[in-house]
Amino acid sequence: MLKIKLEKTTFENAKAECSLVFITNKDFDHVWVKNKKLLETFKYEGEGAFLDQENKILYVGVKEDDVHLLRESACLAVRTLKKLAFKSVKVGVYTCDTHAKDNALLENLKALFLGLKLGLYEYDTFKPNKKESVLKEVIVALELHKHCEKTCANSLEKSAKEALKYAEIMTESLNIVRDLVNTPPMIGTPVYMAEVAQKVAKENHLEIHVHDEKFLEEKKMNAFLAVNKASLAVNPPRLIHLVYKPKKAKKKIALVGKGLTYDCGGLSLKPADYMVTMKADKGGGSAVIGLLNALAKLGVEAEVHGIIGATENMIGPAAYKPDDILISKEGKSIEVRNTDAEGRLVLADCLSYAQDLSPDVIVDFATLTGACVVGLGEFTSAIMGHNEELKNLFETSGLESGELLAKLPFNRHLKKLIESKIADVCNISSSRYGGAITAGLFLNEFIRDEFKDKWLHIDIAGPAYVEKEWDVNSFGASGAGVRACTAFVEELLKKA
């Protein structure tokens, strides 16, 4: 764990084995840049990292005056430093003008600290020869790199303490999600997922209810049960319900997550290459667990319910089949034409369960469609729903948090593609196009009229698990949805 220590001193007077200097917007003339000639000799142009070994200074470029690039560069700095022999590093306080607003200083500090904290993460549980990082401490000298505008009116020390608290909570929450999503399916079963949720509940004094297949049968959650049929004897399903109840709650929010601990496609079997990484199909449910940890520790004034449908989707003699017709908890019949469109079946029943709680807002998270990745790329999540104001709020607050999001629109023509001749709805579209939206429209079939304007669907299929380093994310799971939804909840409560 990397410790960040705040010190009321100048950057020059702070003591550490190494100095970290960000070159913002190719500004090589700043007083903290000690050897401009050396940088020119090696043609360092303010991008990537460069180590001045003699002066023990690591220079890291921030391409533009942008808080998100500052976060990314801070992460790159720690990734570079963990390969070196320094135990401690010092850094000043940087502010970027792009997002200069009333809380500009706070947002810049959050970005700096979160980038630093996330830089050490690596999923190495199964590596026998782990390389422990020597880097243990970052000394933050509470001196501004440049003059801060009047929008940075709060005291530097107060803002730094608040930002550090946020970064520590968010790092812990993201890493809970990352570890869970990265866990291989031989370990990361529905029961294991429930155990992780129980640990989070115990630490945060949350209510938790873990329900088995008997409960699902009682509640007539037949769509959920169908997906688990092939795994029932070995890895039975779990409906996990976490509850955070503060003394004062302005809103009741339900967060619903798809928790497919492994998805081979069922009888509509995936090609072998497509099965690899399907441990990540629990990304939505894992995000909900991480969110409960974050929101509870931040002490948000909302009653938050986290609902996770955890199951496998496998093959076997008992597996559900194409041509089956399922009767969901909501009472609607579903024609199954593809067993690999299973996440939406689990979510349909979980969303029905969530609506029974009468929440003010419902947000579901799922690695739902490959079509979303094709349309938006692997770094961007999709937002769907009916309420434009709610969608816009999630998008703007999510983007400010550093996640990439884009809205996808429902339309009546795509809705026709999930019609069935023999049931209320079909679980797969009759067209190969618009698959991310038709999946969202399928879920819409299970949202009651009174909740249509209270519901958002977030497809995190792209960024939940990426097989390379990007932004502040290491190879594998990213914790997609956690930062965005935390920011969304905070903004939602400001309007309450």
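Backbone N, Cα and C atoms are what each Cβ position is placed from, and that goes for glycine too.
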For this session: With D340, E342 listed by Swiss-Prot as binding Mn(2+) 1, identify the candidate in D263, D424, D449 belonging to that site.
Result: D263
Exercise. For the Mn(2+) 2 site that Swiss-Prot assigns to K258, D263, E342, which of D273, D281, D349, D356 is also named?
Worked result: D281
For this session: Could you work out which of the recorded positions (K258, K270, R344) has its C-beta surrounded by the smallest number of other C-beta atoms within 10 A?
Result: K270
Exercise. Are there any residues in the same chain, six or more apart in sequence, whose C-beta is under 8 angstroms from the C-beta of E342 (Mn(2+) 2 binding site), and if so which?
Worked result: V227, L260, D263, G266, N313
Exercise. Once the DSSP letters are reduced so that anything not helix or strand counts as coil, what is R344 (active site)?
Worked result: helix
For this session: Within 10 Å of the Cβ of D340 (Mn(2+) 1 binding site), how many other Cβ atoms can you find? Include all protein chains, please.
Result: 19
Problem set entry | Distance check against K258 (Mn(2+) 2 binding site) for the recorded positions K270, D340, R344, keeping those with Cα within 10 Å | R344
Problem set entry | Residues within 8 Å of the D263, D340, E342 Cβ centre (excluding the Mn(2+) 1 site residues themselves) | V227, L260, C264, G265, G266, S268, K270, D281, N313, T339, A341, G343
